[in-house]
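**Q** OK, TrEMBL features for this one:
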COMPBIAS  24-38  compositional bias 'Gly residues'
DOMAIN    80-146  domain 'Large ribosomal subunit protein uL15/eL18'
REGION    1-65  region 'Disordered'
Amino acid sequence: MSSLSSLQNAAGARTDSFRKGRGRGTGNGKTAGKGTKGQGAHSHTKKNGYEGGQTPIARRLPKFGFRKSHKNRRIVYVAVNLDKLNAFKDGSTVNAAALREKNIIKKEFDGVKILGKGSLSKKLVVEAKAFSASAKKAIEEKGGEAKVIE
């Protein structure tokens with residue numbers, strides 16, 4: 001029967017890290033695989049992209065493409081369905097801050113869009129950047145208000 005104190009690693013499962021330049025007897029002492037002289041043998045190294053003085057490939061090739069303007073960026077809304085709004089009390093105001101407080105949304109991004117999945121059972125004043133047609137209709141049918149904020 002074996003005990004925890006008698007457990008050992010399998011042979012060859014754990015090996016010490018290989019240390020270069022620690023004596024000739026190791027087979028990797030003296031120059032540690034770097035050769036005798038020259039840039040590669042010394043402690044400093046060349047910069048990334050440096051090609052020994054010839055014009056680097058990044059400068060030899062032409063520029064192409066363009067950078068998109070941030071003005072053309074796609075607007076990203078956080079989608080919230082109607083059934084999630086039932087977590088609020090009747091007659092309360094629902095906005096991004098209130099949704100974050102109830103952990104319905106984590107981030108706001110460019111705003112909140114209310115979508116029409118599920119059913120709404122309460123009269124609410126909902127403030128959001130956008131509404132789907134079905135969501136707006138459902139909120140107003142319950143006597144609530146769908147306010148589009150900028």
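In case you wondered, yes, glycine gets a Cβ from its N, Cα and C as well.
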**Q** Is the compositional bias 'Gly residues' (24-38) packed against any residues at least 6 beyond its ends, judged by a Cβ distance under 8 Å, and which are they?
**A** 18
**Q** With DSSP as the yardstick, break the domain 'Large ribosomal subunit protein uL15/eL18' (80-146) down into helix, strand and coil residue counts.
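**A** The breakdown for the domain 'Large ribosomal subunit protein uL15/eL18' (80-146) reads 21 helix, 16 strand, 30 coil.
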**Q** Mind tallying the region 'Disordered' (1-65) by DSSP state, helix then strand then coil?
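**A** Secondary-structure breakdown of the region 'Disordered' (1-65): 13 helix, 0 strand, 52 coil.
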**Q** Mean pLDDT, the domain 'Large ribosomal subunit protein uL15/eL18' (80-146)?
**A** 92
